[in-house]
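Comments concern the structure below.
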Amino acid sequence: MYIKMEVEFDEDTGALQIGGQEVFVMVFEPGQEVFDKSLDQHHQFPGVATSVVFPQLSIGTKVDVFTSSGGFGATDHHCFNYHVCNKRFVFGSVPALEIPADVREHLRIGAPITCADRLVSLVTAVHAADGAWLLRVTAARAGQVSGHARQQRRGAGRTVRAGRSVYGPVQLPYEQLKAHAFRKRRPRRDAAESCALFYNDSEVRITFNKGEFELMHWRLPGPLVSHGFK
């Protein structure tokens with residue numbers, strides 16, 4: 001669903017209106033965890049809670065970014081981002097737009113991102129990759145994984161070290177990992193449930209676990225977004 005709009009954005013206050021109606025926007029830092037029950041009433045996409053619904057976007061969609069200097073381009077890249085709100089883990093691999101450094105300097109949190117004069121996302125975070133800046137265009141990405149899950153415990157994201165692989169909440173050299181996983185035939189009944197996130201430059205892994213027993217293991221395309229705006 002695209003949002004038909006007459007968008008008004010105040011760069012000084014960050015206030016956004018569509019058709020004269022104020023839009024609620026809360027942008028999270030990459031990986032941020034918050035506890036605020038009032039946010040449950042809003043739509044949540046990776047890195048943002050808002051009162052509007054963003055459409056699904058495909059790789060290659062051409063978008064315009066609201067800046068004082070202007071900015072536009074195609075979403076030819078993707079990146080992974082997430083936040084946790086009231087124990088709800090909201091994550092996804094979303095389209096991203098490569099932007100030059102001089103445009104990044106003019107970006108404003110919450111500024112509209114449009115496609116054919118319709119609101120499709122908001123400026124939320126950027127990622128430095130291979131000498132370029134990627135601006136994520138957060139939404140439910142068409143043809144790629146996004147979602148949410150309730151979780152009781154979550155550790156901080158960890159880098160997958162060279163020569164290691166992941167099982168459950170741990171990473172080990174591959175041969176050791178195979179033996180470790182083989183020993184975990186079933187979880188202890190009283191074991192705590194948890195969620196773990198691991199990443200490298202190109203991939204993100206999410207595991208859902210009961211103790212050290214792995215219940216589910218997802219491999220998703222990266223990179224993991226690592227920069228908000230200061």
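Using the three backbone atoms N, Cα and C, a Cβ is placed for every residue, glycine included.
So that you can see what the record holds, here are the features copied from Swiss-Prot:
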ACT_SITE  HIS43  active site, proton donor
ACT_SITE  TYR174  active site, shared with catalytic histidine of dimeric partner
ACT_SITE  LYS178  active site, proton acceptor
SITE      ARG88  site 'Substrate binding'
SITE      ARG219  site 'Substrate binding'
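Structure coloured by features recorded in Swiss-Prot.
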residue: HIS43; record: active site, proton donor; Cβ within 10 Å: 13
residue: ARG88; record: site 'Substrate binding'; Cβ within 10 Å: 14
residue: TYR174; record: active site, shared with catalytic histidine of dimeric partner; Cβ within 10 Å: 10
residue: LYS178; record: active site, proton acceptor; Cβ within 10 Å: 12
residue: ARG219; record: site 'Substrate binding'; Cβ within 10 Å: 12
Original post:
Which of the three DSSP states, helix, strand or coil, fits HIS43 (active site, proton donor)?
Top reply: strand
Original post:
What three-state secondary structure does DSSP assign to LYS178 (active site, proton acceptor)?
Top reply: helix
**OP:** Among the active-site residues HIS43, TYR174, LYS178, report those whose Cα falls within 10 Å of that of ARG219 (site 'Substrate binding'); none is a fine answer.
**Re:** none
Original post:
Roughly how many Å separate the Cα of the residue listed as 'active site, proton donor' from that of ARG88 (site 'Substrate binding'), to the nearest whole number?
Top reply: 12
